[in-house]
Amino acid sequence: MVSKFDTQHLLNSNTALVAGVDEAGRGPLAGPVVVAAVVFDPSQPHINGLNDSKQLSPACRERLYAHIVERALAYKVVMIDSTQIDTLNIYQATMLGMRLAVEGVAHVAKSARIDGNRLPKNLPCPAEALVGGDARDPTIMAASILAKVTRDRHMVELHLQYPHYGFDKHKGYGTPAHLAALAEHGPCLEHRQSFAPVRRMLTPKAIHARQSAHQHNENSPTKAAFNMLIERDD
């Protein structure tokens with residue numbers, strides 16, 4: 001671990017402390033989109049085995065997750081839930097998550113490198129978009145692992161609440177088994193109603209339940225912060 005003294009020394013130096021940023025869960029029909037940002041000391045060797053999280057086994061991701069958390073100067077993981085995804089759309093929800101993640105490490109990071117070809121607005125530091133960054137940049141690889149492991153763990157927890165859908169297996173993606181469960185049971189509160197396969201199976205009961213959840217979300221501290229961030233884009 002880097003001590004507080006060592007970290008402060010790095011902050012006061014000209015060392016390029018770059019936050020790697022990536023997301024997990026843009027495509028699934030259920031659950032949150034998760035974004036992670038992580039900052040390493042560039043003078044230290046890279047963690048062995050880092051790769052795009054999609055290319056790693058679950059066991060390997062879990063092992064690397066522990067190493068990343070131990071070695072990071074700072075990291076932040078943000079979850080944007082299905083209600084916010086439906087309110088914004090998945091692209092804007094992902095941009096919001098990226099901005100919140102970068103803000104969470106801005107006390108350490110001097111810049112950010114974000115996987116993809118677009119950057120969120122109003123970031124707290126200079127940033128660049130890197131297409132294919134999760135396969136090219138070790139810090140983005142680490143962020144992809146933090147995001148993926150966090151999301152997978154969350155989907156296993158959701159399986160305990162909604163065992164009919166098999167979230168622990170497919171993690172919310174539109175597999176044949178998931179689509180069959182949707183057809184049989186209809187959507188739950190964790191499904192993204194703005195996604196066509198879910199929208200086609202909506203019932204009045206499901207719509208009412210989401211509206212109630214949305215109303216509750218409107219009064220939450222997270223929603224207040226969310227509104228403030230959106231206003232800053234205007």
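Yeah, the Cβs are placed from backbone N, Cα and C, and that goes for glycine too.
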Candidates Asp52, Asp81, Asp86, Asp115, the one Swiss-Prot lists with Asp22, Glu23 as binding divalent metal cation: Asp115
CB-centroid shell, 8 A cutoff, divalent metal cation site Asp22, Glu23, Asp115, site residues removed: Val21, Ala24, Val35, Ala36, Met98, Ile114, Gly116, Gly133, Asp134, Ile140, Ala143, Ser144, Ala147
Cβ neighbour count (within 10 Å, all chains shown) around Asp22 (divalent metal cation binding site): 31
CB within-chain contacts under 8 A for Glu23 (divalent metal cation binding site), separation at least 6: Val33, Val34, Val35, Ala36, Thr94, Gly97, Met98, Asp115, Ser144, Ala147
Cβ neighbour count within 10 Å of Asp115 (divalent metal cation binding site): 25
